[in-house]
Amino acid sequence: MELTLNEKRLLVALGPMGSADAAVLAEKMDTRREAVVQYANLAGDRGLVDVEKHVARRYVPTEEGRAYMGKGLPERQVLESFEESIPMRDLQGHPLAKIAIGWMRKKGWIAITGGVVQKTGKTAPGPDEAAFVRLAEKGEIADGEGVADLAKRGLAIEEETVAYTVSITPRGRELLSQGLDLREEAGTLTREQILSGEWKSLPLRRYDVTKLPKRAYPGKVHPYQRIIDEMRRILFDMGFEEMSGGIVQSSFWNFDALFQPQDHPAREMQDTFFLGERRPLPAGYERVRDMHEHGGETSSTGWGGTWSAEKAEQCVLRTHTTSLSIQHLAAHPKPPVKAFCIGRVYRREAIDPTHLAEFEQLEGIVMDEDVNLRHLLGFLKEFYAKMGFEKVRFRPGYFPYTEPSVEPEVYVDGLGWVELGGSGIFRQEVTAPFGIEHPVLAWGLGISRVAMLRLGLRDLRHLYRSDIEWIRETPVYGGRR
């Protein structure tokens, strides 16, 4: 059996006594008690010693408790400061009155009538006073009657003392009888020891290279947050800047500015979280109004009907981050623009394994002279490739504010082709009211869908759980790809 030098020293020190307190062994071995406990636990794992833990609890006075020692509890001091009765006004002049009056009444020592404090004659010391006297005499006391009351009042505090008794086992004594080599073992070798050959005569510490080390659990970023951070880093590397905005948006920016008709089903109560707040319309909103009613100055016919400013002022929890994209474009109508947003959006969804009422969405826009659909497909293919999806394809799609529109799909082993968001080129009805004269490429995707594929999850709700074991076991690289 291979023992460390400290285990051997422990057995040698313990042998003559058979059993001893760790503090005694520490003095004999010229080391710390904590070190002895560590050596004993190692030897205990080998069956050479038994380690017994003893926990003793005691109460010691607090700073306030020490202030009363030799004088008595506040209520006793105040009670003994007057004869049979005293006006309340005079009693309140005592420095301990605020503490003592309540306790004297609670213990039944006094009665207060007409502003006069009268002793009741029932002033025998209770368990708390007896405990306080013992505490003052000894400086510490064990738990007992009245001690808990002192602790509740902040006059005493519990302290825990842990002691360890180490006893040698028959197996340990047998090993000790065979003799132990107490020479210092070398755990490392210097260059000089190797060159001179001195290492050949040194007692070398033995290592079991087949034994697994204790598993370490360092701090880890939540797997879902790690994927979000990865997406953000990829887009920064692709030359995008990040845009941000509030989760509360007016219906104007969330719907109307994106040429979504005011009677569209997505604007119904069952799909959107409407708020009681209203916000004024921005300058130039009339161009959006005209676009809805008759197509403005474009060849579009618009949606017809009468556009309602009141509906546009109604605030909602944003249903998509595209509301931030159009505001960014309105503030930067001249190219080049290359921006993205990662943010939470809100929908009135029935919660189940594939739907949540709130989730994260990624939104990207590119505006420049002469950009077209091929540029859009190139951006998307590069982004998904950097996310680890090697096979990407596109199929035609439809979205209210883009034309043409495409839906990107990625190939996942075991699942086949999976749709991951929507994209297209903003319609003229969206860009014209804000003086944007160049094409705007736009795309968005639900980050949670990507995360589920990367992490191999089947329930969307698991992305938001605080399961420490799951966080520990999930590979840092992001899991399945």
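Yeah, the Cβs are placed from backbone N, Cα and C, and that goes for glycine too.
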- Task: Check Swiss-Prot for me: it has GLN361, LEU362, GLU363, TYR401, PHE426 binding L-phenylalanine, so pick out which one of THR322, THR354 it puts in that same site.
- Result: THR322
- binding-site residues (GLU363, GLU403), the one with most neighbouring Cβ atoms at 10 Å: GLU363
- Quick one: of THR322, LEU362, GLU363, which binding-site residues lie within 10 angstroms of GLU403 (Mg(2+) binding site), measuring between C-alpha atoms? Sequence order, please. none
- Per DSSP, PHE426 (L-phenylalanine binding site) is which: helix, strand or coil? strand
- Which number gives the other C-beta atoms within 10 angstroms of the C-beta of THR322 (L-phenylalanine binding site), all protein chains shown included? 27
- Note on the structure: If you tally other C-beta atoms within 10 angstroms for each of the binding-site residues TYR401, PHE426, the top scorer is PHE426
- Translate the DSSP assignment of GLU403 (Mg(2+) binding site) into the three-state scheme. strand
- L-phenylalanine binding residues THR322, GLN361, LEU362, GLU363, TYR401, PHE426: largest Cα-Cα distance, in Å and rounded to whole number: 18
